[in-house]
């Protein structure tokens, strides 16, 4: 399991603003204190270890790492199966349509994707048609690669469990083909278009340390709760 340490602090220059507030400290923000019960739980149980039962948030270094391929000897092994099981569990609990291993703190090339009918029904018929939404069953891909089938760019809003509470318009290719292995090491090839192609591209980006905010139209970046703030 790869453990990531803290980011190195920037060089201290006498007489500079770094004496008063380093850029890293400014990024980290004020110190966060734990509740007594959280402290006791951590003391007794230890720190959580990946794969987490939560989704890592933007700012976590693991989301900016290029994920490593799963080695052949790891295929069908207990660690990979545990990772896949946790990914599916978290994805379904969060009600999202895709999740990558880095989002649970594991920088490996593993994706889980699923768009069940119950999530599709949350969208109006008009939006389903406009965004070319179709349900698909659970698919897990190991060491996936992507090929563009239709290079036309289509722009729609999307969000991410690792940038919780925000969305923005992002251009994506109309159709792609993803190929890789299933958790047992069997080859998988999947061609998709429309919204399914968007989901695939979004999750593939995670394996390259890329988030949707890197490709978004920044003028459309939206806090989903902005209206509540004004109430």
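Using the three backbone atoms N, Cα and C, a Cβ is placed for every residue, glycine included.
Since this is a predicted model, take the numbers as computed values, not measurements.
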So which range, 142-152, 153-163, 164-174, gets flagged region 'Hydrophobic dimerization interface' in Swiss-Prot? 153-163
Distance from residue 206 (Co(2+) binding site) back to residue 159 (substrate binding site), taken between C-alpha atoms, in Å: 13
Spatial separation of residue 203 (active site) from residue 160 (Co(2+) binding site) - C-alpha basis, Å: 10
Other residues with Cβ within 8 Å of the Cβ centroid of 160, 202, 206 at the Co(2+) site? 98, 100, 103, 161, 162, 203, 205, 211, 212
